[in-house]
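*Asks:* Starting off with a structure, shown below.
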Amino acid sequence: VGVAWSRAGAMSGSGNLMDFLDEPFPDVGTYEDFHTIDWLREKSRDTDRHRKITSRSKESVWEFIKGLLDAWSGWVVMLLIGLLAGTLAGVIDLAVDWMTDLKEGICLSAFWYSHEQCCWASSETTFEDRDKCPLWQKWSELLVNRSEGASAYILNYLLYVLWALLFAFLAVSLVRVFAPYACGSGIPEIKTILSGFIIRGYLGKWTLLIKTVTLVLVVSSGLSLGKEGPLVHVACCCGNFFSSLFSKYSKNEGKRREVLSAAAAAGVSVAFGAPIGGVLFSLEEVSYYFPLKTLWRSFFAALVAAFTLRSINPFGNSRLVLFYVEYHTPWYMAELFPFILLGVFGGLWGTLFIRCNIAWCRRRKTTRLGKYPVLEVIVVTAITAIVAYPNPYTRQSTSELISELFNDCGALESSQLCDYINDPNMTRPVDDIPDRPAGRGVYTAMWQLALALVFKIIITIFTFGMKIPSGLFIPSMAVGAMAGRMVGIGVEQLAYHHHDWIIFRNWCRPGADCVTPGLYAMVGAAACLGGVTRMTVSLVVIMFELTGGLEYIVPLMAAAVTSKWVADAFGKEGIYEAHIHLNGYPFLDVKDEFTHRTLATDVMRPRRGEPPLSVLTQDSMTVEDVETLIKETDYNGFPVVVSRDSERLIGFAQRRELILAIKNARQRQEGIVSNSIMYFTEDPPELPANSPQPLKLRRVLNLSPFTVTDHTPMETVVDIFRKLGLRQCLVTRSGRLLGIITKKDVLRHMAQMANQDPESIMFN
């Protein structure tokens, strides 16, 4: 029998069944890999468990304490997730800081110091030359004792490229050998898992370890990617790990999904230092089922995670993120026009990026390109490093670039972007510097930024989706921030030179500080991020938590809404939904509308001309008949009917539970043989005297399967699948079974109605 079972397992594509069959029989109700969970069943199982605990807790003090512990376990899991996610994020930030600087030089006093820490620790650092200190040596100074000149430049250039290649090669090799699931951003898969799909190992311990290590490597290598999306995956791995320690979550896939929703919130909380933004992100973008209880728990997990990260203080500025800014000038109504223009730019860039990136990823999937993941990463890293080094804006890490673009030009700024011509007679207080004409540094910075913008737009398309951890938030924000800063400087100079124009006359007097270019960078970053991911509410909250700019909510909202409208005009899908479709995950999006006038009878199987539905009868099939049926088909379950003639529906039995029940009965029950009759009724059927002992399987039968009639509109069926999270739904007419609709049938039908290839839905 064992051989037959493992062959059936291979046929059904469910991996090796023998692994699961060694479990004790009471553990019915787990699912196989790449299958969908049944939300309704998980919910009712949790209710039963809860009822048992409540009734037991009245019996004794010990049971009462156990009940209390069970009620508290949810909060304990959240606390642990927050602590671990915050710690990992802090460690990643510190390691990235050090390794990014390692590409340019090393600290002599302590090699584990980054450039900034090295110079702050040195007593010979002056404020003007705070980036130059004798303890920090570039590679050329260390190796050939030269800091200027062509030979030093070439040596530094070469070492920069070599370090980048080394980091990227290490990362892609680790991912390939130890944890293939650690690649990509992880958010599309987490959305799919939260909608009730099972991908075993995706949130495992190996994935957690390798993703954390490789994330440091790829961000340090200078590739055009961020660590924000992968941090959500890392936090969800923490959530999965801790929920497996408590039976309340480890034995119930529905409850586990609630923990993972909260973990996603903690992930965004540490990625951006935005706890409330994290909760909203989980609600708006990743979660499928988000009850109120999960909202409170997400809030708690995000709080603990942010608090932990703040205790580690990775950037040394008591902030949770590198690019925290404070602006002091108000914005004016006339500025809404450039803000809305930036929103349009963000929407167009989002559309362009999604189309090009999906076309390239599809190409990778279907051609020979996909067979050489290591080579692809090496080539992209080499191109990135070689092109990035000459331009100071692409040489520095993307987070530092965003930080510099967001910054307002104060009196102490040494950046090129702040090289304005000062008025010698200026006797104003230092805080409020008036608008000034741009100096040569600003003009140089403008064309360097323009080149950096074009480079970032092109290279990000090829980077996102390679076989390494790669987030999309930071590159999108960088593209928007560069465009925004350039627009901001343009508006500022226009206001300075033409302050008598009617639009500037009311609010821009000569000698006043009217326009803040950093604010434009912030609005541009929000617009581009919105165009790519189609977030609105959570995006604005993340942006103002990130930058502390409460009075700039209106410009941010205007840009986010505009970018969403513009991007939606070209296609409704955000980048994550597009990747879900590309990978063929069975994901029923809550946002999709189904408007076609088809009926359940058009979608159900079997269709006309197909063999009839495989069913079980309530009391006339032998064990051997059922075993043969299971071996010859690969369905997830079978409807149970009164008899072949009447076809009146009784219930539904899951394939996996039938296999477990039969195996268990053969081992533990006397007299069960191949020609024993199987029955699903309360009382055994009347059998001849000499027949073998029958097998009662009523406890694996679901007596309340979800049914619709054959004339139910598909619109309603899609809604039922979406809101109740069903795996399958039976179609009846006046009590007689006609057919079955599964989640995949619904997805195929929706694809067909949208003129797509229905076979692209199958998970590949």
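Glycine too: its Cβ is placed from the backbone N, Cα and C atoms.
A quick note: this is a predicted structure, and the numbers were derived from the prediction, not measured.
If you look up TrEMBL, you'll see 72-96, 157-179, 199-219, 231-247, 259-283, 336-360, 372-389, 445-465, 472-491, 519-544 marked as transmembrane segment. Annotation comment: TrEMBL describes 604-670, 701-759 as domain 'CBS'.
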*Asks:* For the transmembrane segment (445-465), which recorded stretch in the set 72-96, 157-179, 259-283, 336-360, 472-491 gives the largest number of Cβ pairs separated by under 8 Å?
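*Replies:* So the stretch in question is 472-491.
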*Asks:* Could you tell me what the rest of the chain brings near the transmembrane segment (72-96), counting residues at least six beyond its ends with Cβ under 8 Å?
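*Replies:* Cβ under 8 Å, 6 or more out: 212, 215-216, 219-220, 227, 231, 234-235, 238-239, 242-243, 245-246, 248-249, 259, 262-263, 266-267, 269-271, 293, 297, 300-309, 311-315, 397.
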*Asks:* Residue list, the transmembrane segment (336-360) vs rest of chain: Cβ under 8 Å, 6 or more residues beyond ends.
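*Replies:* Contacts with the transmembrane segment (336-360): 457, 460-462, 464-465, 476, 479-480, 483-484, 487-488, 491, 520, 523-524, 526-534, 555, 558-571, 573-575, 578-579, 582.
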*Asks:* Residue list, the transmembrane segment (259-283) vs rest of chain: Cβ under 8 Å, 6 or more residues beyond ends.
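*Replies:* Tertiary neighbours of the transmembrane segment (259-283) are 74, 77-78, 81-82, 85-86, 88-90, 190, 193-194, 203, 227-229, 231-236, 238-240, 242-243, 249, 289-290, 294-295, 297-306, 308-310, 319-321, 324, 473, 535, 537-538, 541-543, 545-546.
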*Asks:* Can you tell me the mean pLDDT for the domain 'CBS' (604-670)?
*Replies:* 90
*Asks:* Residue counts in helix (H, G, I), strand (E, B) and coil for the domain 'CBS' (701-759), per DSSP?
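*Replies:* Going through the domain 'CBS' (701-759) residue by residue, I get 24 helix, 19 strand, 16 coil.
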